[in-house]
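Asks: Dropping a structure here in structure tokens format, bear with me for questions.
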Amino acid sequence: MTLTVVIADDHAIVRQGVKSILASLSDFSVVGEAENGVELVALVKRHTPALVFADIAMPYAGGLEAVDEIRRWSPNSRLIILTGLTSRGLAAQAHAASVDGLFLKSDPPEELAQAIPKIISGEPVYSTAIEKILSEAHPSDMLTARELQVLRGISNGETNARIAERLGVSAYTVDKHRTNMMRKLKVHSAAELLALALRDGLLDSASTL
């Protein structure tokens, strides 16, 4: 049985590299390629692929930002996130999003090739380099997925009311998330919070490959 694949990365050379790895395996067919998150979600809706490769940071929406939409339209798709960044914060975000695979673009191709069948069978696999990054403890790991959503809103200059509207919660709840983040990260102002988030790669929307 041939398994369908969608590949999303704003660099053609990366997409070609993934296709080369898939060609070394059997029973995979690439049905679509995307250069940004919007195109990725459209392809997932159209094809409901067995496997999705997504760059962690792309124009309009990165792989992590598209996770919810991918899960919504194709809940059985296995999702492998690729990144050229070695940020501890970004790796932790991907881990919190429960992606099926997480690999650096600098990882050996054979490591990804060996992992793909395991991921298809339902076993999450992170590369050796990613596991090493994740083993380095950091206070930012304590942030929840919702707190990270609030943090992204703050970084975009959104008010509590706007963030609340977008997330479907109350402004009071957003303020509580902000307070909790500052307490967890031991900072005392929104400026300090954003500076730490940028330093540790928590704001993937502010990062480029």
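Cβ coordinates come from backbone N, Cα and C, glycine included.
So TrEMBL lists the following for this protein:
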type	residues	note
DOMAIN	4-120	domain 'Response regulatory'
DOMAIN	136-201	domain 'HTH luxR-type'
MOD_RES	D55	4-aspartylphosphate
Asks: Ten-angstrom check, please: count other Cβ atoms within 10 Å of the Cβ of D55 (4-aspartylphosphate), all chains counted.
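Replies: The answer is 28.
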Asks: Can you give me the average pLDDT across the domain 'Response regulatory' (4-120), rounded to a whole number?
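Replies: Mean pLDDT for the domain 'Response regulatory' (4-120): 90.
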Asks: DSSP helix, strand and coil counts for the domain 'HTH luxR-type' (136-201)?
Replies: 48 helix, 0 strand, 18 coil
